[in-house]
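Q: Quick one: the structure is below, and I'll ask about it shortly.
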DNA sequence: CATTGACCTTTTGTATACAAAGCGTTAATT
DNA sequence: AATTAACGCTTTGTATACAAAAGGTCAATG
């Protein structure tokens, strides 16, 4: 399997946790490859900022609260712009793709309400699909290029798993707002709605981080 | 020497021209290294978009007029934001660095007027230094991370070499406007002035591209 | 007891060797 | 003469071997 993809997925899915050292030998054994392709994969991940160089080798990057704030600021900027451009350039097929992603998203939320915990993965997927449809509609590969590196970070926290039904439904409503703004070629509205949408996402992730911190503090307390 | 840096510089300085195939063996001989470190460098350049994959190997990426438009749009977005944040967060040292870069910039322009063609390199440098001072003042490493990859592209065209005295002086004036907006913590003004500054840069590059195109057409005409 | 230095081990960096996949050229057949 | 099949050459992909640097351990010394 492709070493780059494998390691990236492993980081996103939390198999390799933040701070964990990624030894070449170890990864080579894990992927049944020699160190050469492993090293190339690591170099790529390093230039994307997913792993951070140590004195020797690299470790999975740890993102602080401040990182999250700044990365989401970046994302509002880029994705807000993408939405505004999508409103100007969208084709009928683009709209179709967005509607499709949104319906699937809605269906997955319904299944989630029926206690189908597996549907969370689909929710994440269809959410991504909706956002990608917008980015692709704005017809600017460079925006896509940078956004794809920005978007990965919050995934590391898997905060979607903490969403409750209300939050998911609100998110769906905002999607619909964004979609209709894009359909009506109302670029400023699309930009603002998208920006707000992403800020809401940021709030969720930050709240999630607070929760985790509290749990850690509790654990620390029981240590002595 | 570090293979990544070397190849990147060579691309920026035009030693390796757009479209040129970068064979591993060739680069290895050029840098007196084995193929292994060369391959790693290429992987990095690829993930930054400076080289583009072929069926076999890579070639120096060719940027179209559309690419330039989109990349500059991205840059206005990011660097405009950086300027606005710099206005909010700047320290006195930040302001000092900007003033310093600007004075040097002005001096270099003076030397350029006196027909010192070598000063162009310094002009490019001090211009970059000013922009970097702003990005660093906004205290957001992620912005810096992405901007550093965006900024490289226009350098490939070396359009600074085509600037005349008037354009350089106008650029200097805008720098001063941006600087004073940041000093006065007028974030919106800083953003707008920076955005306009970069749009002007874009116009120069695009005009430069037109010139090149004309010359090419003339050359083609003389071929038969 | 702490600190430093020498040695040993582990891990990364580079080179080389070998495997596999593209590409071009040539020759054969229709 | 054109098309295709096969061969060989070039170039990339992977593995392994070797060099160098970083880290850790243990003993000696203040």
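A Cβ is built for glycine as well, from the same backbone N, Cα and C atoms used for every other residue.
Feature table excerpt (TrEMBL):
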type	residues	note
DOMAIN	A:1-63	domain 'HTH gntR-type'
COILED	A:88-118	coiled coil
Q: In the domain 'HTH gntR-type' (A:1-63), how many residues does DSSP call helix, how many strand, and how many coil?
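A: Split by secondary structure, the domain 'HTH gntR-type' (A:1-63) comes out as 32 helix, 8 strand, 23 coil.
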Q: May I ask for the residues of the chain that lie six or more residues beyond the coiled coil (A:88-118) and have a Cβ under 8 Å from a Cβ within it?
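A: Long-range Cβ neighbours of the coiled coil (A:88-118): 126-127, 129-130, 133-134, 136-139, 165, 168-169, 172, 175-176, 179, 182-183, 185, 187.
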Q: What is the pLDDT of the coiled coil (A:88-118) when averaged and given as a whole number?
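A: Mean model confidence (pLDDT) across the coiled coil (A:88-118) is 93.
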